[in-house]
């Protein structure tokens, strides 16, 4: 039986793990060969020292090797946040996913139930009537027929059951908060990834580059794990094999700066109602932040030359009814009915 102890000792001494060591350590944890206290020990040793790019890349490689995959077109995109930003905001990435799909880009949306907020992507989408536990073939069909498929993380990463109890008992952020967005079951090559702290912008862009992404923006929105209209968004963009960093304000792309309180969400039912409101054309701060994130995703997808054009295409997706149409089709297909 493989032994996690040498890796714990190495990490605890402050020594970084190589990508190969990290993958081996996570393979041991994800195959049920480590005790909960060993798992907790390694996770906290990494957290206290600060996880490195090779450690994250090795952990992602281990997760990806065990996941239940979903087939999706080559140009599919994901819009996802790490969670853990403690903001309690609306489900921005989920709403943006419908808008991007309505603009003609296939979306393979990966998400989970709430970890630190009151409503995660899965909670809100389930409240809208989407079957979040659809099997992989139905999700693949949903991406093809409806333009969007939702992949509920626990259904695709069953090996996570071996580390779940340790994560719950630790009750604090670990490397696993970073791994979910990087372990998309449809193996998308284009992503908009929100992070809970700015120090992760460049490292996660480097991990995505290391693991073969074609284009990605890793973003932090002044306290939010998405782009924000309540402040300045910091971006690390992976484009053509290079990473560049820049900042975006709402004003420079023609959007109103809002008060952070205007972005506060609530329980799943509240967030689902608000999401539906945006897709039905309500004009408010939630719409604006969705336009910003959707616009960025359309740039990453290659469908818009810049953020202003992306925002215009996103507005058109909502105002034409296309985004709402995607939601209705996803509800139908996920429940195994014709779209």
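Each position is counted from 1, following the chain as shown.
Glycine too: its Cβ is placed from the backbone N, Cα and C atoms.
These come from Swiss-Prot:
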BINDING   81, 112  anthranilate 1 binding site
BINDING   81, 84-85, 89, 91-94, 109-117, 121  5-phospho-alpha-D-ribose 1-diphosphate binding site
BINDING   93, 226  Mg(2+) 1 binding site
BINDING   167  anthranilate 2 binding site
BINDING   225, 226  Mg(2+) 2 binding site
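Here the features listed in Swiss-Prot are placed on the structure.
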residue : record                                              : DSSP (3 states)
81      : anthranilate 1 binding site                         : strand
89      : 5-phospho-alpha-D-ribose 1-diphosphate binding site : strand
110     : 5-phospho-alpha-D-ribose 1-diphosphate binding site : strand
167     : anthranilate 2 binding site                         : helix
225     : Mg(2+) 2 binding site                               : coil
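Using a 10 Å Cα-Cα cut-off from residue 93 (5-phospho-alpha-D-ribose 1-diphosphate binding site), the binding-site residues that qualify among 81, 112, 167, 226 are 81, 226. In terms of C-alpha distance, the listed binding-site residues 112, 225, 226 place 112 closest to residue 167 (anthranilate 2 binding site). Annotation for residue 113 (5-phospho-alpha-D-ribose 1-diphosphate binding site): spatial neighbours 120, 122, 123, criterion Cβ-Cβ under 8 Å with sequence separation of six or more. Each residue contributes its Cα atom, and for residue 112 (anthranilate 1 binding site) and residue 89 (5-phospho-alpha-D-ribose 1-diphosphate binding site) these two points are 15 Å apart. Within the same chain, residues at least six positions away from residue 110 (5-phospho-alpha-D-ribose 1-diphosphate binding site) with a Cβ under 8 Å of its Cβ are 78, 80, 151, 153, 156, 180, 181, 183, 184, 185, 186. Across the fold, the C-alpha of residue 81 (anthranilate 1 binding site) and the C-alpha of residue 225 (Mg(2+) 2 binding site) stand 6 Å from each other. The two recorded residues, residue 225 (Mg(2+) 2 binding site) and residue 89 (5-phospho-alpha-D-ribose 1-diphosphate binding site), have Cα atoms 10 Å apart. For residue 225 (Mg(2+) 2 binding site), other Cβ atoms within 10 Å of its Cβ number 29. Ranked by how many other Cβ atoms sit within 10 Å of their Cβ, the binding-site residues 89, 93, 112 place 112 at the bottom. Of the recorded residues, residue 89 (5-phospho-alpha-D-ribose 1-diphosphate binding site) and residue 226 (Mg(2+) 1 binding site) place their C-alpha atoms 10 Å from one another. Shown in sequence order, 81, 89, 92, 93, 194, 219, 289, 293 are the residues of the chain, 6+ apart in sequence, with a C-beta less than 8 angstroms from the C-beta of residue 226 (Mg(2+) 1 binding site).
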